[in-house]
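As recorded in Swiss-Prot, the features of this protein are as follows:
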type: REGION; residues: 1-236; note: region 'Pyrophosphorylase'
type: BINDING; residues: 11-14, LYS25, GLN78, 83-84, GLY146, GLU161, ASN176, ASN234, ARG339, LYS357, TYR372, ASN383; note: UDP-N-acetyl-alpha-D-glucosamine binding site
type: BINDING; residues: ASP109, ASN234; note: Mg(2+) binding site
type: REGION; residues: 237-257; note: region 'Linker'
type: REGION; residues: 258-486; note: region 'N-acetyltransferase'
type: ACT_SITE; residues: HIS369; note: active site, proton acceptor
type: BINDING; residues: ALA386, ASN392, TYR393, ALA429; note: acetyl-CoA binding site
type: REGION; residues: 459-486; note: region 'Disordered'
type: COMPBIAS; residues: 465-486; note: compositional bias 'Low complexity'
Amino acid sequence: MTDQNLAIVVLAAGQGTRMKSATPKLLHPLGGIPVIAHVLETARALEAAEVVAVVRHERDRLAEVIGVELPEAVIVDQDEVPGTGRAVEQAVAALPADFSGDVLVVNGDVPLLDAGTLRELIAAHRAGGSAATILSAFPAVAAGYGRIVRTSTGRLDRIVEHKDATEAERAIGEINAGIYVFGAAALRDKLAAITTDNAQGEKYITDVIGLLRESGFDVDALPVSDSWLVDGINDRAQLSEAAAKLNALTVRAWQLAGVTVQDPATTWIDVRVRLAPDVTLLPGTQLRGATAVETGATIGPDTTLLDTEVGAGATVKRTDATLAVIGAAATVGPFAYLRPGTVLGADGKIGTFVETKNAVIGAGAKLAHFNYVGDAEVGEKSNLGAGVITANYDGVNKHRTEIGSHVRVATNTVFVAPVRMGDGAYTGAGTVVRKDVPAGSLAVTVAPQRNIEGWVAQRRPGTDAARAAQRNGAAEASNAAEESGE
């Protein structure tokens, strides 16, 4: 149910220079989705009446992602006046003029912050009757953060930036997490009063807190249960730390949901992956994107699946698959490479050193080893022997190969596409199929074997091969002489 008294402001205008990247900080992937997508998902879960996202640097790229992840969000461009206070000021101006509820302000770079924590913050704010409530934290190292200084009654007195703090204030372990809930009326009033009269020439949202206290309003601070919930991401090291924490949380959640994860330290699961109970993940498994695995399947070891569907009871080991579908009870690997468009039917097999692309492989069909099958269809219960390939590319265009059901394709057969092989047909070893093969036929390409005597001695004299042939010839001559009694 929509909370008509809640508006959310997502701050996404920062440049993120410490990332040292052409990609905006908030668009770096974390758990398979952009950093800001985590914050937008949390905003959606709160069911606010209004959501406003403030952008500036790389605004078009950010706006595109925001539009996909949270289409209902209003996008506001921050102007030339810098600072978080100015960003919030412009966001509030985009709210309906008669909005009189609460405004939650959250940074776009706190992906681990969950909806439950924000609900607690909003509830505490409403219960306390304060003009503003701040989320605070007790990190292991507080250096560099603004400190929360409380009154004797426990209310927030002021926020002191680290550089301005006394020794006694620096000893305070509680810091400002940079996430706020304001009453809309008080926020509008004080935003109009903040200035850029400071060393950085910026409008700070923290100045609103100071102005509220100076005007006699109460301001509260609510500590989070774990400081990592409000950890921001400013550089690659922090991104890596957040990824590790998020993955640990994700893996544990799936374990509690009935998934066996043999080695959590080497298993990575993106946040939009879906797993059924009784799935088993072996060491070195990476499940990326929107991968979905059904009950009883075993994945790994050393397997990466991206946007891939795995059916119930399937086994996939030492495999790399992207945009593929693996049927129930199918077997894949080891050392298989499934490229986009691969569909393997139930009980099918893609075995060792097999590569497939844009290929539909029927139920019970087998590609056991050393195959390339691209732009092809293989019917049910067909079997492709070792070394079978589809030659699908003529240098300009790709062409399809169609192999019927219950077909037996012998070792080292090459299909020169476009070509079709009917149901129940066979090929002989080494066949090059250039024409369609009727159902129930045997296709063979046989040429007489020609042996050119003495070729190595003439064309490769002095080589190890020539010397070996010479020794063999001498031995054969000696044996022949003995047999003739000479």
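Note that Cβ sites are derived from N, Cα and C of the backbone, with glycine treated the same way.
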Pairwise Cα distance for TYR372 (UDP-N-acetyl-alpha-D-glucosamine binding site)/ASP109 (Mg(2+) binding site) [Å, integer]: 44
Residue counts (helix, strand, coil, in that order) that DSSP gives for the region 'Linker' (237-257): 20 helix, 0 strand, 1 coil
Secondary structure at ASN176 (UDP-N-acetyl-alpha-D-glucosamine binding site), reduced by DSSP to three states: strand
Least surrounded among the binding-site residues, given as GLY83, GLY146, when other CB atoms within 10 Å are counted: GLY83
Spatial neighbours of the region 'Linker' (237-257) far in sequence, C-beta under 8 Å, 6+ residues away: 19, 28, 30-31, 35, 111-112, 228, 231, 264, 267-271, 275, 277
Cβ-Cβ neighbours of ALA13 (UDP-N-acetyl-alpha-D-glucosamine binding site) (radius 10 Å): 25
Around the Cβ of ASN392 (acetyl-CoA binding site), the count of other Cβ atoms that are within 10 Å: 22
Sparsest Cβ surroundings (other CB atoms within 10 Å) among the binding-site residues LEU11, ALA386, ALA429: ALA429
Largest tally of Cβ atoms lying within 10 Å of a Cβ, found at which of the binding-site residues TYR372, TYR393: TYR372
Distance check against LEU11 (UDP-N-acetyl-alpha-D-glucosamine binding site) for the recorded positions ASP109, ASN234, HIS369, ASN392, TYR393, ALA429, keeping those with Cα within 10 Å: ASP109
